[in-house]
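Enquirer: Before we start, here is the structure in question, set down as structure tokens.
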Amino acid sequence: MGKVNEVLFMNRGEGEISYAQNSAFTQKVASMAMPALENAVETLFSKDFHLLQALTAADLGCAAGPNTFAVISTIKRMMEKKCRELYCQTLELQVYLNDLFGNDFNTLFKGLSSQVVGNKCEEVSCYVMGVPGSFHGRLFPRNSLHLVHSSYSVHWLTQAPKGLTSREGLALNKGKIYISKTSPPVVKKAYLSQFHEDFTMFLNARSQEVVPNGCMVLILHGRQSSDPSEMESCFTWELLAIAIAELVSQGLIDKDKLDTFNVPSYWPSLEEVKDIVERDGSFTIDHLEGFELDSLEMQEDDKWVRGDKFAKMVRAFTEPIISNQFGQEIMDKLYDKFTHILVSDLEAELPKTTSIILVLSKIVG
């Protein structure tokens, strides 16, 4: 697999398998987390920030779907509310949209309508800029951000976990692409270690960029269980591994490619997130919660229609990194196989998905 920061992005464009057309689930999660963002803006203005004429915010891992537009609109709306309450004449909002270099910034900025940013004659003038780069390192000057938002991005890792091959060079997680019930304990340990390292780097970078008393609102995939091999966090990757294994058995994929591939993502528990934040010591936890949603919440009665929609959603955020390892030419076959496996599982109850909302404040001093 190539370097993660070169191959990790959502499906581009606006076609039927694009992220822009298949982000309904993340939109629902974002809408449920919106009160946390509103409270964060409210909190900022309850401190000394009401003296500012401009608020600087960043949406990290913004992708190219409509979620980031809702974030901008929410911040702007809350600022307009505070502007009226505080009898401000005008305020300015500077928003930086960040993602890795492969992100579809063209589709993103094409979707930025006047309804999102408004015009420069309103109570709050909004200015938006793109910032390509990895959020695991520094992106902005010191003490330059008042508010940081990130939705469904922080659980991605900078690389596949280290230490997943033996001294003899043999793969330790054969036949799987993520943690599973059959994975040896070293796999779970390696994934947690990599997440700890990467999330700590994220917090360290933000601790230098966020002003004292500034806020961060982070939404990420997570789990309720202390066991990372439970299906609530492994379901999608387990089904993909089964689909890939079937193509291996048909001679369409080399077995070694499956055995040596491990997804650079980790869905942590609330306790793991809390522990890392407290160890870092740069931020206080204002709010931490996990909430469950159905993995497949759709109105259609036809299980094939539901299965196809879920498969397209999964394809939208997994295809670039999966195709880099296994080849673009077999992607249609792979996700067709994934759909068939999924539909057979629809007879049983599917696991719920846990999302974590984490609100942090930068410690003064």
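Just so it is clear, glycine is given a Cβ too, placed from its N, Cα and C backbone atoms.
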Enquirer: Need a hand: Swiss-Prot gives Asp259, Phe261, Asn262 for Mg(2+), which of Asn143, Asn173, Asn204, Asn324 is also on that list?
Expert: Asn173
Enquirer: Should Asn262 (Mg(2+) binding site) be counted as helix, strand, or coil on the basis of DSSP?
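Expert: In three-state terms, Asn262 (Mg(2+) binding site) counts as coil.
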Enquirer: Quick one: of Asp99, Phe261, Asn262, Ser265, which recorded positions lie within 10 angstroms of His155 (caffeine binding site), measuring between C-alpha atoms? Sequence order, please.
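Expert: Correct set: Ser265.
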Enquirer: Other than Thr26, Tyr152, His155, Trp156, His221, Phe317, which residues of the same chain sit close to caffeine? List them in sequence order, counting a residue when its Cβ is within 8 Å of the Cβ centroid of the site.
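Expert: Filtered neighbour residues, in order: Ser151, Ser153, Leu220, Ser265.
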